């Protein structure tokens, strides 16, 4: 599990196709990398990946085709920056909201207006979004400001823009989206109840 509070930025330093998947290497600070060991979970732009190897400043992962199909990781290239968060340990504080690192899909930035970012996603995504509700964008825990049929927006404080990759994003770029799991469970449960009663 993760908290949605980005601990460090990383830079893609290795990117190589492996069958239908890929091998991904990321360079970061020794402060972030040193505590990690092979087998640890790390959220890379919000995607939970398992560490396959590491050294003093680099961490490596294998990314399977299913992950590439529903995230932006396959679009990364060497020198691209990514958000990093190590998995929570017992007793760690949760500064954002609980995340699994299982990305629901992607959304496109279609408008940036000062500190307000507007995104376009699928209608399937929108059914789980509510104003003032939680959302994770590239692994960052954020609060939804507005929600329409297939668009939504968030407001970003200067600290978030400075410490994450969102401050460098441009209109037209895609981001990874994880919806709040408790909200998804409630919505899906209500839909099943309505469907079984013939009221859907």
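Here the Cβ of each residue, glycine as well, is placed from N, Cα and C on the backbone.
As given in Swiss-Prot:
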BINDING   4, 5, 6, 141, 142, 143, 155, 156, 157, 158, 159, 160  2,4-dihydroxypteridine 1 binding site
BINDING   48, 49, 50, 62, 63, 64, 65, 66, 67, 101, 102, 103, 132  2,4-dihydroxypteridine 2 binding site
REPEAT    1-97  repeat 'Lumazine-binding 1'
REPEAT    98-190  repeat 'Lumazine-binding 2'
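Known features from Swiss-Prot, placed on the structure.
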residue: 4; record: 2,4-dihydroxypteridine 1 binding site; Cβ contacts under 8 Å, 6 or more apart: 85, 95, 96, 97, 99, 136, 139, 140, 141, 142
residue: 48; record: 2,4-dihydroxypteridine 2 binding site; Cβ contacts under 8 Å, 6 or more apart: 2, 41, 42, 87, 100, 101, 102
residue: 63; record: 2,4-dihydroxypteridine 2 binding site; Cβ contacts under 8 Å, 6 or more apart: 21, 22, 23, 24, 49, 73, 74
residue: 65; record: 2,4-dihydroxypteridine 2 binding site; Cβ contacts under 8 Å, 6 or more apart: 20, 21
residue: 67; record: 2,4-dihydroxypteridine 2 binding site; Cβ contacts under 8 Å, 6 or more apart: 21, 47, 49, 73, 103
residue: 132; record: 2,4-dihydroxypteridine 2 binding site; Cβ contacts under 8 Å, 6 or more apart: 143, 144
residue: 155; record: 2,4-dihydroxypteridine 1 binding site; Cβ contacts under 8 Å, 6 or more apart: 115, 116, 117, 143, 145
residue: 159; record: 2,4-dihydroxypteridine 1 binding site; Cβ contacts under 8 Å, 6 or more apart: none
Which of the three DSSP-derived classes (helix, strand, coil) applies to residue 102 (2,4-dihydroxypteridine 2 binding site)?
coil
Among all chains shown, work out which of the binding-site residues 6, 50, 102, 142, 157 has the most CB atoms within 10 A of its CB.
6
Do you know offhand how many angstrom separate residue 6 (2,4-dihydroxypteridine 1 binding site) and residue 50 (2,4-dihydroxypteridine 2 binding site) by C-alpha?
17
Which numbers of helix, strand and coil residues does DSSP report for the repeat 'Lumazine-binding 1' (1-97)?
13 helix, 43 strand, 41 coil
Could you measure the widest C-alpha to C-alpha distance across 4, 5, 6, 141, 142, 143, 155, 156, 157, 158, 159, 160, the residues recorded as binding 2,4-dihydroxypteridine 1, and give it to a whole number of angstrom?
17
Would you kindly give the Cα-Cα distance separating residue 157 (2,4-dihydroxypteridine 1 binding site) and residue 50 (2,4-dihydroxypteridine 2 binding site), rounded to the nearest Å?
31
